[in-house]
Structure formats: structure tokens, C-alpha cells
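> Quick paste of what Swiss-Prot says about this protein:
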{"type": "ACT_SITE", "residues": "69", "note": "active site"}
{"type": "ACT_SITE", "residues": "128", "note": "active site, proton acceptor"}
């Protein structure tokens, strides 16, 4: 059975997921497609493994931006798709193949029927890490075409097709990676008094970290520390010289993130003293909260509800992390959830978004952009 042009594009992209700042095939695919649209009104820039496209308006007074993240995840796919990933151990398990496809669809509509204002499309690498939004925002390439308004979307498996969900103000949390390396003294399991066990030290640290949430964060605020991975030791009868904890920190407020990190550092210092070991903390990538511009979001929700076929839901904030938050620090705009009705959630090896959502998103976003970017 034949599929639509943009469903096919999504399937093409789904086959070639690549991790952050290694999206060379994805970048080339985007450039090849844009090459079919080029005319005197379209300009293209390459930034690292990303692409920035400008469509000149007929009588521009402002620049409207659309951001699509393009990277995949280090997950082995289990969808059973005929168009499953051909890159072993990598998958588009967060919907960035849909985000990119919708961006290309919106770009196609913009080239076909130009509006008054300029449009800029940001095909951004490395959202899943180490973070592409902030360096792209600071790049010379984008500074020349910096939008006055910017929007982005994220697929939502829990919402039905034909639905969007968003809210004014805080939408997504502040997030930070967390890595703690502990180094003590290894030894024979029969002589624990001559060694310094970093498995035991790591176990104490994991337990103590949870007290930060229950005793150091305002209960009316929200924060989560998750340790998702612990490594240490070599065999069962050798006391481990080293251990490593890997996790994430998520807070709704910026103030809580600072407080949580301060307490983590104090607890780790206590572990060093208690177990006579050395500890190193690395926070890795940190993403700023996604805070939607109130007036623009309210206007967008009203427009979509009254003038399109989409259903609009006012959702609650989520502990999800998104580096789009950095763009919203600098540029007024908003992000919204796009319903794709999947049994399996984000970052799951069996995530299967309903492809019907692609065309619906292109259509209603094109309606919104034309309305927002055309003088009445």
C-alpha cells in the first residue's frame, strides 16, 4: 500500500537514527530534500550536524521560528517495523523522526505559499545529549536569522491523534545529569579490614541521596533524583576499589536545582570522610526548564481550538527535560505535546507513533503560521 510523501520521509529518517552531533546521514537527508525546494526566497546554512533554513517573507516585520530536534537514542529497536533502524543499537525512540518530518512539511508549505514574515527552520542536533540548543542559539549562523517568535513540539504517546496539549508558563522541568565516581582501596574479600569497599560506599550514597528530596526540597515544589546505573568491582571475591553512580536530577524550579546540587555535594563530602575515599562529581548536561510565553501560548491555544480541527488540552507540567528551554530563555515562544497514540512510551524500544499525526500537524501548523505571519 502506498504511503503519503511525508509518511515516507518519516520512515526514511526512522531507518537512520544517529546520536548527538553524529547525525551526518540525517543532515544530508534534510539537505537533499531542501534541495528540491530551493528558489530565490530560500537560504540554507549548515551548523555542525544541524541545518538552518530561511524562507524570506513577502513583506517581513518579524521572524517566526520552528525548531525540530533530529537525533536518535542508543536503544536497540523492537518495533518489528519493516523500516526499522539499520543502525545497530540506535533508534528514533523519542519521535525526533516525526518532529523533523513535520518541520520539512511545514517548510514545504512555506515555500509553496509564502507569507509576509520570514520563517526560519532549525533542524537541531543533540537534544538527547550533550545538548544542541544552547550552542546553536549562540552560533553566528543563527544570530543572523534569530527568530522573534519560536515554537517547538514533542510527540506524546498518551494523547490521541488530533490532540495537542500545552499550558502557559512552566511546561517541562529543569534537568541535569549526575555522575559520581568513588575511589577507595581494593583488596581480598577475606581481609575487608585492609581494604576500603566502594560498593558499600556507593550503597550508602544512593540511600542518602533520597533524603535530599524528602528533607531538603519544599514539599510544595517537586524534585526527583534517580540513580539509573551503578558500576563497580570486577569479580565476586575482590573488594571493589572503584564505583560509579549515574543518574539524573529533575526540579520544577531553578532554585530547587541549586539547592539539590548543594546538598548532593555535602552528602558526597560526607561519604568521602566516612569511607576515607576520593569522590568526583560531574553534572554532565543540564537543560533549563521549558517556560512557555503566556500570551503567545494562550493565543496559540485559542487559535488551534477555534480555527483548526485539532482538540486542545490544558495539561500539567512534566518532569521531562528539553533543551528547547534555552531557546525560550532568549526568544518568546512555546512548546506543545502532539498526540500520537502509542501503546509504548517515549524512550521505549517498542514506541510506535501513529503516522496519521504527521499530516495533521503539518496542516494545522501551516494554518497557524499563515495566520500569525500574514498582515491582516
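Yeah, the Cβs are placed from backbone N, Cα and C, and that goes for glycine too.
Given the structure is predicted, the values throughout are model-derived calculations rather than measurements.
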> Across all protein chains in the structure, which of the active-site residues 69, 128 has the highest Cβ count within 10 Å?
69
> Determine, to the nearest whole angstrom, how far the Cα atom of residue 128 (active site, proton acceptor) is from the Cα atom of the residue listed as 'active site'.
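Rounded to the nearest whole number, the Cα-Cα distance is 9 Å.
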